Amino acid sequence: MRHGRYPFIIGFLAAPVAIYVTFVLGPYAQAFYLATTNWRGVSANPEFVGLENFTKLFSDDVFWKAIRHHGLLLLALPLLTIVLALFFAFMLNVGGGSRGGAMAGVRGSRFYRVVFFFPQVLAVVIVGVIFSRVYAPDDSGLLNGALATVGLDPVLFMADPDIALWSIIAVLVWQAVGFYVVLFSAGMSSVPKEIYEAATIDGAGRAAMFFRVTLPLLWDTLQVAWVYLGIAAFDAFAIVQVLSVDQGGPDGATTVLGMEIYRNAFSYSQFGYASAMGVALFFLTITFAALTLRVSKRDTIEL
Amino acid sequence: MTTEIASSAPAAPAGAAGPGRRPASAARRQRSEVGVLTTLGHLALLVWAILVIAPLLWTILASFKSNTEIFLGNPFALPGTFNFDSYARAWSEANVGRYFLNSVFVVTLSTTGTMLLGAMAAYVLARYPFPGNRVIYYLFVSGLAFPVFLALVPLFLVVNNLGLLNTYTGLILVYIAYSLPFTVFFLAAFFKTLPQSVAEAAMMDGASHSRLFFQVMMPMARPALVSIAIFNIIGQWNQYLLPVALMQGEGADRKWVLTQGIASISTSAGYQADWAALFAALTLSILPMILVYALFQRQIQSGLTAGAVK
C-alpha cells in the first residue's frame, strides 16, 4: 500500500497545480502589485507609484458612477429575483394543496420548472444580444412593437439614461429567476411533510404557511441565494458590454466596474489603473459577502 | 448530493392526519383562500412562462423573415415564407459556422482537460493524507472567492508572456484553470464518500495507485463526474470575458468562439443591417443549448444547485 505513494501523489498533482498557479493564483497575486504601479504595458518595467492609482480612482467620476450602479444592482437584483423565485417555488411545490397528506405543486409545475430554467443555460451575451432586439427603439422591437399595437409611443429602453439601467436589471432578473426557483424548490422539498400537515391541522392558510413555515426553514438557502446574486451584481460585465449603448452609456448611465476595468486595460492600456479597480472590486465583493453572512446569521432550525 | 432530498424524508405516521380530521371551519376558510390564491398564482406562473418563451420564440421566428418583414412588418406576424437563406448567410458569410466549430473544439478539449486534471487533483486531495494536503486543497477552493476581473490584467500579461495570446492552447489552459476550483471542491467531497474497502481490495489484488484511480474510482464516481462535466460544458460554452480578453490581435477573428462572434455580429449588424442573419445566428446558438438542456434537464438542475444545497 505504501509503495509508490509519493511519486503517485506528485504525478497526479503536478499538472493541475501548475496550471492553477500559473493562470489563477499568480495573476490574482500580481494584481495587487500591479495596482501600485503606473504600468502601461509598453515600458519594460512597471514603475512603483504607491497609492497614486487609488487616489486617482477616488476622484474619478466614472468610478463613483459605477459604484452607485453596483449599489442599485445590489438592492434590486437580489430582491426582485428572490421574491419572484420564492413565490413561484412555493406555487410549484406547496401551492397545489395537500394531496393524500403530502403537499403538492399546482398543475403543470413540471412544465413551468423546465421552462423557467431555459434562460439559465443561455450565455449572458446571447441573452444580451436577444434583448438588444427586444428593446429596439422602434416598432421592429418586440416591446415597442407591442406598445405600438396598443397605440403607445415607443420607449427608448437603452437610450434613456433614466431607465437604461433598469432595463438591464430586468434582463438579469429574467435570466436568474429560473435557477432560484429550482434552488428554492430543492430547499422546500427537504421540509418534512409532517410540518405542513401539522400546520394544516392547526388551520394555517396558504399565507401563514408560507411566512411561518416555509420561509424560516429556507433561511439558509435564502442566504446562499442573496450572496450569489450579490456577487452577480458586482459582475454584470457581459450584459452591459453587449446591451448598453456605447458600452456603459448613454453617458455612463449603465457602466459597471467590470466594464471600466476592461476598457482601461484593453482600450487605454492603463494596466496599473485597471488593476487598482480590480483590487477595489475585490474588496467590495469580499466585504459584501462577509457582511451578508454576518448580518443574516441566525440559528439554523434543525430538522 | 442530488437535490431529491424529499424521498429520504421520513414517511408520515399512518393516519396521523387526513382531510377528514381537520376542523370544518378551517377547511372551509382554506378552500376559499385556495381558490383565489391558486388562480392568481396560476396566472403569475403563466405570465412568467410567456415572458420567458416570447423573446426566444420571437428570435427564432424572425430568423425566417426577410429584412423588410423584420423592419416594416408587424413584429408579431409569422414569416411570409419560411426560408433558410438567412441561416446559410449566417453560417458562411457571417462566419457563425466557424465560430460554432471553434467553440465545439475549445470546449471539448477544455472540458476533457478540466475533468481529467480536476478528478486527479480531487482524488489525491480527498484520499491521500500527506503534509501540505490541506494547504493545496484550500488554495484550490479559495479560487471560488475571487472575482475574475481582479485577475484580468495580469492574466492577459501572463498569457502574452507565454506566447499563448490568441491561441487555442492558451484559451483552453485558462478555461481549465478557472474551472478547477469548483471541480476540485465538488469532486473531492464526492471521492471522500467512496468506500475504503473497495480501494483496499483492489490494492490486495495488486493494482497500482493509478490503476486503482482509473479502473475502480473513476467508474464509481461516474454520476458526480457527469454532473460536473455538464456544469463545465455549459459554463465554458457560455464564457465571454476570457475569450474577449485573450483572443485578440492579428487574425484573431478567425479563432473567435461563438459568444464572441455573435456579440461582434450584433455590433456590426447596425451597419450591414442583415437582421435576418443576426436572428439566424442567435437561433443557431440558442437551439443547441435548449436541446442539451432538454436531454439532460435533471442532471443540469441538480448539478447547478448541488453546490449550493448541501
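A Cβ is built for glycine as well, from the same backbone N, Cα and C atoms used for every other residue.
Those TrEMBL annotations? Automatic predictions, nothing curated.
Per TrEMBL, transmembrane segment is recorded for A:7-29, A:72-94, A:114-136, A:163-183, A:217-240, A:271-293. According to TrEMBL, the domain 'ABC transmembrane type-1' annotation covers A:67-292.
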Worksheet item: Apart from its near flanks, which chain residues at least 6 from the ends of the transmembrane segment (A:271-293) lie with a Cβ under 8 angstroms of it?
Response: 31-32, 34-41, 46, 49, 53-54, 56-57, 63, 67, 70, 74, 223, 226-227, 230-231, 234, 257-258, 260-262, 264-265
Worksheet item: Sequence-remote contacts (6 or more beyond its ends) of the transmembrane segment (A:72-94), Cβ cut-off under 8 Å?
Response: 103-106, 109, 112-113, 116, 165-166, 169, 172-173, 176-177, 180-181, 183-185, 188-189, 196, 206, 209-210, 214-215, 218, 222, 225-226, 229-230, 232-234, 236, 256, 288
Worksheet item: What parts of the chain pack near the transmembrane segment (A:163-183), using Cβ distances under 8 Å and only residues at least 6 beyond its ends?
Response: 69, 72-73, 76-77, 80-82, 84-86, 88-89, 92, 113, 115-120, 122, 124, 127-128, 131, 135, 155-157, 221, 224-225, 229, 232, 236, 239-240, 243-245, 249-250, 253-254
Worksheet item: Near the transmembrane segment (A:7-29), which same-chain residues lie under 8 Å Cβ to Cβ, leaving out any that are not at least 6 residues past its ends?
Response: none
